[in-house]
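Student: This is the structure I want to talk about, given as structure tokens.
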Amino acid sequence: MGRKGLGPAGMGAAAMGAAALPPRPAALLCVWLLLGSSWGPGPPGVGAVPRPTATYVLDAGSGLGRQFDGIGAVSGGGATSRLLVNYQEPYRSQILDYLFKPNFGASLHILKVEIGGDGQSTDGTEPSHMHYENDENYFRGYEWWLMKEAKKRNPQIKLIGLPWTFPAWIGKGENWPYDYPHVTAYYIISWILGAKQYHDLDIDYIGIWNERAFNSKYIKLLRYTLDKHGLQQVRIIASDRLWEPISFVLLLDSELHDVVDVIGAHYPGTKTVPNALLTQKKLWSSEDYSTFNDEVGAGCWARILNQNYVNGNMTSTIAWNLVASYYEDLPFGRCGLMTAQEPWSGHYKVEAPIWITAHTTQFTQPGWSYLQVDGHLEGGGSFVALTDGLGNLTIIIETMTHNHSQCIRPPLPHFNVSPQRATFYLRGSFYLVETLQVWYSRLDFESANSILFKQLQPLDVWRGSFSIDLDVDEVYTLTTLKTGRKCSCPEPPPPQPFPSNYKDDFNIRNPPFSEAPNFADQTGVFEYFINGSDPGDHVFTLRQVVVQRPITWVSDADQTISIIGNFHWVNLTVTCDIYIEKQDDGGVFIAGRVDNGGIYVRRTKGVFFWVYADGTYRVTGDLAGEEVLMKGLSGVRANAWHTLTLNIQGASASGLLNGYPLWENVTISKPSNGWAAIGTRSFEFAQFDNFHVEAS
């Protein structure tokens, strides 16, 4: 006898089991069974409201659709995983498990990382493996580590590299990476070879330049250079922007067509274009989502995971971003699949998008195929069906309503979704399927009592058919696979604000990462440094190392800056030892109440205490140094250590040099709160030591 119904009353999918059905004559029950088992509240009867019903046929025998390439997420673009690396165990491993471990949480198939280029790429800068032409270091940053952690959990995960910015030497003075394509190709190939040589990582796909112009000559040269270095297995994605003009150019240029493997579009709104289909290339949404990770974000993600294929023939969807592991008040705060922005407390949150991801990733694999079905539900919403070709079948259904599934971009045209009954007929080899495992989510936008990735009783399929009652804002996975799992890890520690008394002397000989914990570089790159020429207290320091403006992706500041702390700090004292390396016009600052970063770094305001190599100082209300609040002589010179102290209390600020007052009673009107920060006057070498911030 077929299993009917989905869960307890109030669940939106009715009760499970034959016992939940209202009493009815035996003859009527037999007729109903012959029509196929029903899921939901049962056929219209006493107390039931009739629902519109539609039928859908699933049959691999009529031909398969496109091959499924996987669901993934982006780390980078930029510095989105910055705080993750600073988590202590066991919390860091728990977060990684939720992201990458198969049949556990998100169980991602693809990890896409930024190839750091020293420039601002949304929420910070990521360091390049080659700051300078004669410099190579394949241990900078955290993307190497993250890729290894992903591979450790899922050896089959696919890896993608994509640059947002490039070090200045690539352009030889121009803000453009294509004037010397052989140089750019060499730089990218070095990253791929370094991944293998130093970390035993095989990169599967490489991109061109995130959301910026592509260059056909460069792409062809990149393919040639890959092959020359024995990297034939590395596939090329282009152009990580829009469907056009890349699709049109591929149709015109047969040589380019031969070397591009995937057309990757960003935020396509589930639609493709005719030229993209005519290329017969794989079509991916190579960056999507980018939405605050509450229930609406989960609704966005559920809708596009299905409809990118149903509407647009896209066989992979990649979320920006993997994990919101950056200060929340930077741009696009909490736009990750989960949130991990408090390494100092260990707190993290497994957000709803993780479990929406699991509805697809835990029951499919790259290499499966979509079935050739329309995929639109008549009452609104969508479904996809996939098979491994070995008899397994997975069906994912979503009924997200318009207002509960709007992504950050593009605008979403209005549509309607209503409660409905869907009857599925399994034909061909699927006719033999007798049982389907059931996983269910319902997003609750009123009381925040969402049901997320709950395993329900299996469904017995009766003579190749079953019916299911669908309410709005639900996701179902019906599958022959029995491997699904929802982790029940211990709760992480409760949230805590950034410590109000924080010190870092940078005294670490072999740091696990190149950057000091909790500092978030917004222009420039600040790295641990061993100052071999110092005989005393400043052997281990933090050094700003980018000395030329990189090839930018957005408008980086003209100054370098790294922020730290609590955006809501009002009263604070910042102390730091500083060492100017640039003679004559070098300079450094410490700051408080810093109110901006990321793509908006050029407009950053705050209280900035600057000292310069020419022996002067300034106090400014902005990073650009245009709003001068105080200036004078300090006696500071390059190549000597000095201690700066900035004290901000209410509407007044004062500054000390080497423990003695240098300026005081400067009136501060705005901003009213913000981070602490350190930085330099220009792209120049400078060192920092014994950083201390105390806030009240």
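Placement of Cβ uses the backbone N, Cα and C atoms for every residue, glycine included.
Feature list, courtesy of TrEMBL:
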type     : residues : note
SIGNAL   : 1-40     : signal peptide
DOMAIN   : 68-362   : domain 'Glycosyl hydrolase family 59 catalytic'
ACT_SITE : GLU211   : active site, proton donor/acceptor
ACT_SITE : GLU287   : active site, nucleophile
DOMAIN   : 370-484  : domain 'Glycosyl hydrolase family 59 central'
DOMAIN   : 521-695  : domain 'Glycosyl hydrolase family 59 C-terminal lectin'
Student: Would you identify which of the active-site residues GLU211, GLU287 has the most other C-beta atoms lying within 10 angstroms of its C-beta?
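Tutor: That would be GLU287, with the highest Cβ count within 10 Å.
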Student: Calculate the distance in Å between the alpha carbons (Cα) of GLU211 (active site, proton donor/acceptor) and the residue listed as 'active site, nucleophile', and round it to a whole number.
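Tutor: That separation, Cα to Cα, works out to 10 Å.
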Student: What mean pLDDT does the predicted model reach across the domain 'Glycosyl hydrolase family 59 C-terminal lectin' (521-695)?
Tutor: 97
